[in-house]
Every structure is written in structure tokens, then in C-alpha cells.
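Feature list (source: Swiss-Prot):
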- Gly117, Thr118, Asn119, Gly120, Lys121, Thr122, Thr123: ATP binding site (BINDING)
Amino acid sequence: MAQTVVVGLGRSGQGAARLLQATGHPVSVIDSGQGEQLEKKAEGLRQQGVEVQLQAPLAIDSFRPWLDQLQRVVISPGVPWDHPTLDDLRQRGVAVDGEMAVAWDALKHIPWVGITGTNGKTTVTHLLSHVLCQAGLAAPMGGNMGVSAAEMALNLQQEHTTAPDWLVMELSSYQIEAAKRIRPRIGIWTTLTPDHLERHGTVEAYRAIKRGLLERSDHAIFNADDPDLRQQRQSWTGGTWVSAESAQPDGHPADLWINGKGWVCDRSQPLFPAEALAMPGAHNRQNLLLVTAAARQIGLSPASIVAGLRSFPGVPHRLEPVGRIGNAQVFNDSKATNYDAAAVGLKAMQGPVVVLAGGSTKQGDATGWLEELNRKACAVVLFGAGTEELHGLITGANFTGELTRRTDLTSAVEEAVRSAEALGATSLLLSPACASFDQYRDFEARGDHFKQLIHQVQSGLN
């Protein structure tokens, strides 16, 4: 009988294995790791009838027990799509899919909103799901954050509930690359700046992956304020273009924009005031327009959209307020895992700001981030594996504020609190500009630790 092997015991791998097993597909899982936590995950799947092999690297030898029956291999987002072993399997006639493709097969009867982009996609995903749900639609979110798409499919099957009206799915370049048959009803492209180049090689390759999702969408929505997307506009026919800056971005008419009086407008009339969304920053005005365009495409009235915007609580780890320490408002922006996202967060702050930055550095242009540091920051506290590299970048940009180095976030928070008080900062911001994997499982774990440390400081002051 045709066999499927799932590579990786992470969240997406577990979800894919459980979904395949529940839908009658013989499935096994391999993972190169070992240890107590991984063994617990493996045992949980074994109890559900899924064979799991640990300490099994991504090599042909790991697949030999099933090679005669092997029909498909399902990879987690962290596995390179062009890995030599996967190419070997393809040459043997084995199909290679990502977890998102498995989920699509089970969920394609429900209309999807597929949201991608270098930055902004998490906020747009949360906000759109919230607006739709507030309007009475069942529109759960998942994908690259929260519940994996495979877990969502499995939960819907097991609960035997009425199918949702919409699925609001955040899709990373890794997921899109490994699931080219996904065809969303609505596709949203938030931004495009260089990221994940260590995986994709070039900006052109990275762009092409994201573009593919929008080309396969029935209706596409674009952020005309993003320089890269704006340069591509001539190559697109149709779609909805939004701008928080102008009714005529780069000489082309926008379909939805914010006018000089602060109102969201379409080509026929003003719709509602943009202040309906109380989140700071120009980037969130762009996010507001992308969500509004999608909600109107789905059929919501301006009044319903406004009600959802006004009740939106915000996104964890994205400029998330964490109270005050002295005169400084504290923000958790752990989701800022690259220079561009960190610069966007800094732009939304009122200075002077004490910034905590660090982690695993990524390839990318740091120019905009360094400019914002010079403009807004009175002090920068560095921590983690990228400390020396970031220190060199910041000193090379002639930063005139305090610049200190610490080994970890705990000691960095202590230093940042001291600096904020001594320098009279109005904001204290965790804005790593780096991935979290040097010291944390993911950016959520890093942000949660930051909030815990801040709450400890606040408790000591009370």
C-alpha cells in the first residue's frame, strides 16, 4: 500500500502526520533529533498508530524501509525544498509536498484568504480574522502562526462542525514553495524586502515564490506603498491596490486609500475614519487598508468593518504594550526578526527610545534600521549571538547614544531599565532585528520571556 513519510516532528510535521493517519493514509515520521521532549512527541504519535523513527537524518538510508511503497514525502517548512535527498527522491518518482499542501487537500472546499509578505502578514491575518468574526462569519486563522493548517483540518474533521465560511491563512515563502497547488479565493501581498536569502539565494527567487501565490489567487490585493510591489505594478493585470500615502501612488490610481482628512476612501466615496484602528504607525494604516479591501471583497459593509477595527485587541509580540516602567512605555516587538520589521516598529515609537536588539542575525540591508536608531534611540542594549556583528554595524553608523553588550535577555533588560531611567526615555522597546533561534525556540518564546522579565521589574517597583 502506498506509503507517506513525514520529515520532522515539529508542529507542522505532527499535524501533517495526524491528519494523514486520520484520513486513512499509511504514514511514518522521521526526525534527525533525539531527547526527552522529542521522545514525548514521538510516543504521542505512536499511540495513534503512527510509526516514528528518531535519529533518522534526511538521507536516502532513512527512507529504505519504505522505498518500495513510498509514494509521497511531506516536509516541514524548515527543510530546504532543494535538499539533495529530496531531489533524489523526486528522481525515483516520489512526490514531495509541504505540510500546507496536505492541509490544502483537506480544506480546499472552504474559501481561503492567503496572506503573504516579508512583514505585516501576521498583523493582517489577525486583524482580518477578527473583523470577519466580529461580523458574524466563521473565519479562523492559522498557517504560519497559531494553529498549523493540518491541525486546523484535523480539528474540523474530528469536531464534525459546520465548515467555516472562510479560512484566513498566513503563508511564509517556505510554505508557498512546498505547496504550489494552493489557490486562495483572495490573496494579499503586504510587503517585499530581502529576507530568508540564506534559504532562497536571491531576492528574485524569493519574490517569485510569493508572486506565485498571488498569481494563483482568484483576486489579488497589493500594498501600493511598498516600493518593491509598486515597481511590479505594470506586470499585474487587475487586482486591488491600496495606499495609505496617496490616491495616486507613483502615478497610478489606488482602489482604496486614506485621504488628507484621515478617511478611508474608495473611488466613489469616503468610507470611514482611519482612526477606527487604534494601532500606531504608518505600517498599520497600510494593514488597515489591506484588511478593508479583503473584507469588502467578501461582502462586509463599512459599518461592520469599523466595528471590527475598533474592537481589535492587537497582535501578541508585534508592538505589544507591556505597561510602564517609570516614565517609559514598554513594548514587546519580538516579531521584528529582521532589519526592515525592526525599522517599521521604531518609526511608530515616540522617542527617546531604549532599544533591546539581538539574536541570530540575518542577511539583509540594515541601512533603514540604522537610520531609525540614530533618529529615535538614546540607547541600544545588545544581547545574544549577533552582538558583535550588530555592534559593528551600529558603531559604523556613528550612533551617538549609549551602546552596551550583554550575554542574554535577562541581563539586557536590567541594563535597559537602568538606561531608560537615567536618560529619561519615553519608550523601552524589545526590537531584536534578528531571529530568536540562538537562545529561544521561536520569537513567541523570546517575547514571553521579555514580558515575564518586565513584569518582575514592575512588581518590584510596586
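Here the Cβ of each residue, glycine as well, is placed from N, Cα and C on the backbone.
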Cβ-Cβ distance under 8 Å to Gly120 (ATP binding site), same chain, at least six residues away: Thr190, Thr191, Asn223, His283, Gln286, Asn287, Leu290
Cβ neighbour count within 10 Å of Thr118 (ATP binding site): 24
Around the Cβ of Thr123 (ATP binding site), the count of other Cβ atoms that are within 10 Å: 27
Cβ-centroid neighbourhood (8 Å) of the ATP site, Gly117, Thr118, Asn119, Gly120, Lys121, Thr122, Thr123 excluded: Ile115, Val124, Thr190, Thr191, Asn287, Ala341
For Gly117 (ATP binding site), nearby residues of its own chain (Cβ under 8 Å, 6 or more apart in sequence): Val124, Ile188, Trp189, Thr190, Thr191, Leu192, Lys210, Asn223
Listed in sequence order, residues with CB under 8 A of Asn119 (ATP binding site) and six or more positions away: Thr190, Thr191, Thr193, His283, Asn338, Asp340, Ala341, Val344
Cβ packing number for Thr122 (ATP binding site), 10 Å threshold: 25
